[in-house]
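What TrEMBL says about this protein:
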- CYS8, CYS15, CYS36, CYS39: Zn(2+) binding site (BINDING)
- 1-137: domain 'Deacetylase sirtuin-type' (DOMAIN)
Amino acid sequence: WDRVCLLCTASCLICKYKVDCEAVRGDIFNQVVPRCPRCPADEPLAIMKPEIVFFGENLPEQFHRAMKYDKDEVDLLIVIGSSLKVRPVALIPSSIPHEVPQILINREPLPHLHFDVELLGDCDVIINELCHRLGGEYAKLCCNPVKLSEITEKPPRTQKELAHLSELPPTPLHVA
């Protein structure tokens, strides 16, 4: 969401009222569904949705037009945080000319594709580090002025979580 906020707007699902993503950022980070300030409070679908494509949603026609016209003009492809398993986005790396450099920034490699550079780890940490190293205006893009570090271990479970797990019967997907 941090990177997307720099580029997008959010609009109401009902009245289409549009705001800059900064207007809903606080709600998103507080895990509150942002509500439209113009719609009645009792309207359940008066939600401010970021104008990004979520998993399972259809891509806008603009994507297909851009691919048709831009694929031969691109001079660098950077893939960030994607498995590239869902079409048509999965076709992007093979749609551009072979001589165009391709960079992958991801948690894991994508063995079904070849990238010229792979930066593996937490995408936020990698992007933050790149911005710090580039300095100047790029350093201002960092959401955190302090360098981030990778999280390699899960946090310990709370007593409540452990108690809940012990109540569940063991299954192939859940073994306490």
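Cβ atoms are placed via backbone N, Cα and C, with glycine included.
Overlay of TrEMBL annotations on the structure.
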residue : record              : DSSP class
CYS8    : Zn(2+) binding site : coil
CYS15   : Zn(2+) binding site : coil
CYS36   : Zn(2+) binding site : coil
By a 10 A CB contact count over all chains shown, which of the binding-site residues listed here is most packed: CYS8, CYS36? CYS36
Would you report the average pLDDT that the model assigns to the domain 'Deacetylase sirtuin-type' (1-137)? 86
Just name the most isolated of the binding-site residues CYS15, CYS39, going by other Cβ atoms within 10 Å of its Cβ. CYS15
